[in-house]
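Below: one structure, written as structure tokens.
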Amino acid sequence: MKHIPVLEDGPWKTVCVKELNGLKKLKRKGKEPVRRANGYKTFRLDLEAPELGATVSTTAATNGLRDRTQPFPIATPVPASVAPAVPPGGGTDTAREFRGIRAPEVSDARKRGFALGTVGPGLPTPPPPPASQSLAPGDPEAHSFREQALRPRILLCAPPARPTQSAPLAPPAAPQESPVRPAPPTRPGESSYSSISHVIYNNHPDSSASPRKRPGEATAASTEIKALQQTRRLLANARERTRVHTISAAFEALRKQVPCYSYGQKLSKLAILRIACNYILSLARLADLDYSADHSNLSFSECVQRCTRTLQAEGRAKKRKE
């Protein structure tokens, strides 16, 4: 077991100051430097002190936070009878008292949102009411005047409004109907993306009015169209088949009425028509009638020969085809 060194046995190891990058001396914060707002000095304000310096500092702080476009108001001179008498050596004590006692109140006001960066260029600050010369510093009316002077600080914490347009307003023109509905007015703290999305949504028509259909609807419609086309095609084929069968039956009935070599002989529709024409002319000649196109007044024997030549030519044509 190791021997535990005792204080008297040897010197203790010292800590090197260089390794710790030097000992830093803790400094207490002194008085804060005077801050400037828009080129004017701002001082801490005593909310309860009735001195004239409080009123002047309130006016300076309020005027410093105003819009730069507004002219700086001229300070109203206060007569000597109203201003309190300040001892020659009391100015320094009063300033120290302001720093020591009123610093928590000022820091609390900063925490509540009183900062120079929150003031927007488009948010004017109402000017404080002018100080009345007839009011004494210790009166309750003077205390209410100081409260009214502090109201602009509370108003400055409101959210910034929209930036105003620098161009002059044009005279009102005649109302014109626009296809796009106007966007609803947005609140000061609302993002501008809502108005943009509203305009984009209004520019595009509804999905129900669009000619495009959903994939399921398109498939169902195409199936119905194909079924309808197939039904129409089947009906047309049936009508054509019925027509051909009717014509074939009529020619077959006519063929049975004209002379031929045998009833089992196959004749074309054209041959049946020619034989039928010559047969009708032959019957007309028997009745002393002339049905010929050129009125050639053919004899009965000539009509019979035409029928015979037509039958022989049709028979030879059938044999060549076979």
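The first residue you see is number 1, and the count goes up from there.
Including glycine, each Cβ sits where the backbone N, Cα and C put it.
Keep in mind the model is a prediction, meaning the values are calculated, not measured.
In Swiss-Prot this protein carries:
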- 101-111: compositional bias 'Basic and acidic residues' (COMPBIAS)
- 231-283: domain 'bHLH' (DOMAIN)
- 77-96: region 'Disordered' (REGION)
- 101-144: region 'Disordered' (REGION)
- 159-221: region 'Disordered' (REGION)
- 231-244: region 'Basic motif' (REGION)
- 245-283: region 'Helix-loop-helix motif' (REGION)
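For the region 'Basic motif' (231-244), the DSSP counts in helix, strand and coil order read 14 helix, 0 strand, 0 coil.
Confidence for the region 'Helix-loop-helix motif' (245-283), expressed as mean pLDDT, is 85. When DSSP labels each residue, the region 'Helix-loop-helix motif' (245-283) comes out as 26 helix, 0 strand, 13 coil, counted as helix, strand and coil in that order.
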